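Read through the structure below, which is laid out as structure tokens, and then see the notes.
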Amino acid sequence: MNILNYFRNYWYIFEIACKGQNYKIIGIILITLAESLIPVSQVYLLKKLTDSIAEVLNQGNQVYDSLIYIVGQLLLFILGQIFNNKKTLLRSRLTQYANYYVDKKIADKLVLLPLIFFETQENHNLIQRINSGIGNRIVICFISIMDIVKNIIILCGYTYLLFQLHWLLAFLLIILLAPSLHTIAITSRKQYSQEHSQLQILRRSQYLFSLFTNKTVHKEFKLFGHSKYILKLWEKMMWKTSDEQYGLEKYRMKKEFNIVILHQVVNALFILGIILIGRNNNITIGDFVAYSQLLSMSTATIKMLSGGIGTLINQGLYIVDMNKFITIPEKTTNKMSVLEDVDRTHIISVENISFKYPNSDSFILKNISFSISQGETVAIVGENGSGKSTLIKCLLGLYSAQEGRILIDGADIEDIPQKELYRKMTALFQDFVKYELKIEENITLSETENINQLQFNKAINEAEVIQFLEMLSEKEKTNLGYTLDNGRELSGGQWQRIALGRALYKEAEIIFLDEPTASLDPISEVKLINRFIDICKGKTAIIISHRLASCLSADKIIVLDEGRIIEVGNHEELLLLRGQYYKMFQSQANSYQYQVGCSS
């Protein structure tokens, strides 16, 4: 990437991160420029102070001039501290705002991205890179740019002073600068490349270690005794990344050692040059001390300049990642409002859809077609891996099929604004989220003052949350989970009721259940399905399951096998076919105490 594109990308992200913070930005710029004048002034005052002290010692002059220069040095030191403290405060506040605006931008962007975005390893790596304090990195880059400008100004001042004595001394300063910049540029890029390549292993390592802090996992650790195996896997990955990092550190130290040796050689030549020049020119002891000090300060400034450029390169590559993330296309529609009419009869038509995941050559869904009328209860069944959960994500508009289309009242689901689409849809997923919030927040996900109390009461009654809510001292104000004070842990069934209450609170016209009974015993499964069907009377209900208790009262059953529809009908019709559904039901019948008594 060339420098122009780099700064264009940086400026775009910087505007997002630091909008409305002009006072702080201008303050940092002005302070940095003021700071750049202090070192040269200190060198000048050091020369004057040394000469005045020499005159006092050699000629018995008054100490008045020396006192003025001492006070001047003290004032410069105090001024430098004031500048540094003020800039630190401005930087701290600017970082807080940058973290807020960038994290909010990332969250907003992630919500707008299609679900399929999260199905690739590359995108997970990108998310991890931009989620590593990118707001702080943006401010670090800004401060680095300011420090680079400051140190360039300081070095220009030093170079001018050296040139006044002899041009060769200024040339020696350039000799110090070039290798340092080259080395830091190489090591900074190597560091970013290493961090980039280690992301997947680090994420795996962090996951393995997180198992030791997971209460659920501890049960299996104790029962099966496989914690040593997990620990061994973690150790292997941890040391792999650590050894690579150690290798890079050795490389950096070797390069820096060479630079230090070069600096010492140049320092010796510099001192020798001052002595030789001083022999032929009339320079004072103050000049010698000041120029010697200037060399030391130049070396330190070069290190800071090199470090600033290295930081800018390393951190800036993460800014490039952020720009790449921000510019990822979002799902667009033609803004048709096809679901505005509440009383409208919504017909879902699936026409020859086929779907495959990114980086895969095989289709999970193959030429799927069916229709669902308003108020129908439809069960989509099949063995594990038949494509049921993928199909529900397509019906919800979370995945876009590569072939075919899904229509709602004749409008392509891809053309319906998501806000309009999801206003009429709700779902209870198999992997529902357990929000460690208050119960009422879990169900409504809104502020207390914005809760529709009638809808809330209806939802907790229909989902039977009320049954265990009455046993809690704080009722709906009870904190769930252990991340909050006085938090309560719920059973799996209670958490599922909370999730069902959340789905019902929305009062949507189309309700999806994705494997809702997978973790339930047969009796509880039948009860849940019957309750759900009662709740959904007059609404469209779509139930995804590989267990068939959900099918007995369904208006239509769609049987999937290896991504294809192989049978369609109601319970009785499919039993008469004696096909895949018949075989599945017969194998499960004893669990539900049903008799399969179909005539051949």
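Each Cβ is built from the backbone N, Cα and C atoms, and glycine gets one as well.
The model shown is predicted, which means the values in this text are computed figures rather than measured ones.
Taken from TrEMBL, the feature domain 'ABC transmembrane type-1' applies to 26-314.
Across all of the domain 'ABC transporter' (348-587), the predicted model scores a mean pLDDT of 81. Among the features that TrEMBL reports, domain 'ABC transporter' is placed at 348-587.
Annotated transmembrane segment per TrEMBL: 25-46 (among others), in sequence order.
Residues 31, 34-35, 38, 41-42, 45-46, 48-49, 52-53, 56 of the same chain sit 6 or more residues outside the transmembrane segment (66-83) yet have a Cβ under 8 Å from a Cβ within it. The transmembrane segment feature in TrEMBL is assigned to 66-83 (among others).
Sequence annotations record features per position, and here TrEMBL assigns transmembrane segment to 138-161 (among others).
Marked as transmembrane segment by TrEMBL: 167-187 (among others).
As annotated by TrEMBL, transmembrane segment applies to 257-278 (among others). With a threshold of 8 Å between CB atoms, the same-chain residues lying at least 6 positions outside the transmembrane segment (257-278) that come near it are 165-166, 168-169, 172, 175-176, 179-180, 183, 287-288, 291-292, 295, 299.
Among residues of the same chain six or more beyond the transmembrane segment (138-161), those with a C-beta under 8 A of the stretch's C-beta atoms are 10, 13-14, 17-18, 25, 28-29, 32-33, 35-37, 39-40, 43, 91, 94-95, 98, 102, 170, 173, 177, 291, 294, 297-298, 301-302, 304-305, 308-309, 311-312, 315-316, 319, 322.
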